[in-house]
Amino acid sequence: MEDVSSQEPAPNKDTLGSLKSQETPQTYISLEEHEPTGCSSRELVLEKARAACRCSSLSLRRLLPVLEWLPQYSPRTQLLGDVVSGLLVGVVAIPQSISYSLLANQDPIYGIYTNFFCNIIYAAAATSRHASVGSFGVLCLMVGQSVTRHLQLAGYGDSSTALGDNSSSPRNGTEACDRSCYAITVALSLSFLVGLYQILLGVLQMGFVAVYLSEPLLGGFVTGSSLTIITSQMKYLLGLKIPRHEGVGSFILTWVDLFRHIHNTNICDLLTSLVALAIIVPIKELNERYKERMKAPFPIELLVVIVATVTSHYFDFQQRYKAAVCGHIPTGFRKPTVPDISLFPSLALDALPIAVIGFAMTVSLAEIFGKKHGYAVSANQEMIAIGLCNLIPSFFYCFASSAALTKTLLKESTGSQTQVSGLVTSLVLLLVLLWISPLFYSLQTSILGVVTIVNLRGGLRKFRDTPRMWQLSKLDTVVWWATMLCSTLVTTEIGLLVGVCFALLCIIFRTQRPRATLLGKVSDREVYEDQATYKQLSSIANVKIFRFECSLYYANKDYFKAVLYQKTGVDPVLLAARTNTEPGSSGGCWGTSFGCLRQARSRAEKPAADACPPCTDMHTLILDCGAMQFIDTAGLSVLKETHQDYKEVGVQVLLANCNPSIRQRLREGGWAGQAGGPGGQLAFHSIHDAVQFAERWHRGESRGKQAPPLPETEDVNFQVSL
């Protein structure tokens with residue numbers, strides 16, 4: 001327990017705070033620090049390992065939170081909201097499952113498999129009650145890019161033909177399965193690695209990794225990926241059969257091909273797409289505008305899909321107008337399979353950004369709605385949950401998934417209480433898998449492209465937020481634009497990497513050249529503020545108060561000295577050198593290794609004529625360390641150098657507002673003396689204490705009385721080489 005006592009110290013007692021004047025008694029604050037626990041790093045690691053490996057019923061409930069909340073489930077108060085919410089999310093998930101399969105370069109059935117299995121697993125393993133998992137547009141885009149690349153490497157034909165066309169075969173004849181078989185093999189192997197990465201991150205308690213993906217970074221990445229998705233879907237809206245470009249510049253190359261083949265546009269697909277857009281977009285806008293008055297949004301996407309399928313079937317669009325359709329969608333489930341281990345080396349790098357984006361989106365949505373509804377969400381458990389949603393379904397022909405924003409918003413707004421709503425959604429998809437899926441044979445792929453594009457409106461709306469973001473933070477806006485442009489014009493993976501690196505560089509830039517100011521006193525108050533920001537602040541005579549608004553470390557140590565000399569108007573090195581070159585300066589400020597400050601100790605005993613002439617009007621420099629979180633060895637060395645340089649020209653340096661970790665570092669580093677020595681008297685709890693000490697010291701000097709003792713400089717590193 002911290003001992004805080006108010007007392008008058010003995011003459012030689014070391015205190016952390018104000019020193020007593022010779023004339024006016026002063027109250028001191030003496031703080032006694034806690035004793036260190038003495039726990040070694042090895043013991044700490046072993047204790048953590050034992051805690052992590054302890055098998056008990058509690059750890060099982062943590063791994064499967066369903067065991068904790070399901071026994072407390074109240075059907076009377078919670079079941080109705082969960083059933084209604086689950087049904088509505090399932091209705092929306094049907095067209096999205098099919099359309100996102102197109103984006104992931106897979107047959108429609110695999111999108112339905114993905115949404116079916118991951119909802120069941122997430123309901124058992126997640127701590128969030130409102131997040132809805134399934135196929136997510138950005139992840140499907142990244143999966144589709146990886147699948148397309150591996151299809152090309154394996155020698156398969158282009159995938160731009162209609163879905164369900166499995167006639168393509170490898171040119172080199174090295175594979176036994178057709179193009180669709182190889183595509184899902186790549187996708188499920190990728191999903192296995194993604195889930196493995198996410199589970200490992202969760203087990204290793206690395207949920208904090210998500211904090212490095214800032215909101216501007218994620219926003220720019222989602223917007224850039226949305227533009228890429230829209231570009232990839234345009235060929236379906238126009239009914240064009242053009243190759244799918246991957247890699248650097250795929251965005252531009254795709255648009256070049258679109259304009260090059262624009263004369264081959266299928267009029268039937270184009271008209272169908274325009275009609276679907278004209279119907280879906282206004283209805284969804286009305287759903288959002290009047291969502292507070294509506295009990296549930298109108299399922300316009302499913303209605304358009306049903307009407308378009310019936311119309312295409314009875315008017316035979318496929319035969320009459322050569323419109324691309326989904327084709328046969330099988331019913332039931334396939335036998336479980338295992339991932340292709342031979343693909344792991346080539347997929348290991350592709351899986352990493354998918355895993356990062358997947359758990360970042362899941363954790364973010366879970367925490368947002370957990371905070372809104374007042375329950376705790378474990379980031380590490382969410383990573384394990386979404387990892388299981390990717391790893392286990394990979395044995396059942398599923399591709400990577402994560403929490404999806406549109407479905408989560410729908411789920412929360414329609415009365416969901418628990419993850420039972422996710423089980424209801426899986427039941428809806430089960431009906432599709434067992435009986436309904438063949439009815440979508442005549443559904444045009446252009447309708448699927450429209451459904452995909454319409455659901456990207458949220459990402460595109462972020463363009464409207466950039467002016468406001470620019471007003472709040474220019475660096476955040478630059479991060480957003482850099483991530484968005486790289487994700488669009490280069491690749492999504494490189495865009496994510498550039499965004500992370502650029503965001504970290506912005507943090508370094510902010511700390512490398514932070515704000516530095518001189519402080520003035522608010523009239524009749526013990527408050528000191530920035531003189532450049534506020535008016536009517538009074539300066540302390542011959543005292544400079546300098547605030548450095550960042551931690552002091554190796555990257556900003558040179559800037560610290562430069563801005564300190566600039567703000568105070570005193571460069572002690574140049575001043576001492578100039579004094580040293582003047583005639584008769586051997587006894588001046590550069591005369592001894594201790595300079596004027598040592599001679600000042602004996603001014604009361606020497607005649608005034610023999611005293612060292614002042615080198616500057618400033619007699620005290622106070623460094624406000626309140627904004628410093630830490631000081632590294634380079635920063636400590638700079639403080640030592642600053643103390644010594646100003647000491648040579650007769651200026652004492654005082655520290656104020658140091659936190660305990662900085663005071664500990666100063667003691668261990670020998671700041672102004674040996675650790676635990678009198679150097680502690682140069683650190684004050686407040687700026688006002690330091691100012692009072694400086695004024696008393698100056699009055700003691702001017703009257704020729706014995707001033708409060710200053711610390712001796714013991715460390716040889718403080719000496720100045722002559």
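Note that Cβ sites are derived from N, Cα and C of the backbone, with glycine treated the same way.
TrEMBL does not curate its annotations; it predicts them automatically.
Taken straight from TrEMBL:
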- 1-24: region 'Disordered' (REGION)
- 182-204: transmembrane segment (TRANSMEM)
- 216-238: transmembrane segment (TRANSMEM)
- 258-284: transmembrane segment (TRANSMEM)
- 296-315: transmembrane segment (TRANSMEM)
- 351-370: transmembrane segment (TRANSMEM)
- 382-405: transmembrane segment (TRANSMEM)
- 417-436: transmembrane segment (TRANSMEM)
- 480-509: transmembrane segment (TRANSMEM)
- 533-694: domain 'STAS' (DOMAIN)
- 698-722: region 'Disordered' (REGION)
Query = Any chance the transmembrane segment (296-315) and the transmembrane segment (258-284) have 3 or more Cβ pairs under 8 A, given the pairs are 6 or more apart in sequence?
reply = yes
Request  = Grab the same-chain neighbours of the transmembrane segment (382-405) for me: Cβ-Cβ under 8 Å, and only residues 6 or more beyond its ends, written as numbers and ranges.
outcome  = 63, 104, 106, 110-111, 113-115, 117-118, 121-122, 125-128, 131-137, 139-140, 142-143, 184, 187-192, 194-203, 206-207, 333-334, 336-339, 354, 357-359, 361-363, 365-366, 458
Request  = Note the mean pLDDT of the domain 'STAS' (533-694), expressed as a whole number.
outcome  = 73
Query = Is the transmembrane segment (182-204) packed against any residues at least 6 beyond its ends, judged by a Cβ distance under 8 Å, and which are they?
reply = 52, 104-107, 110, 143, 146-147, 150-151, 154, 156, 159, 170, 175, 337, 339-340, 343-344, 347-348, 350-352, 354-355, 358-359, 380-384, 386-395, 397-401
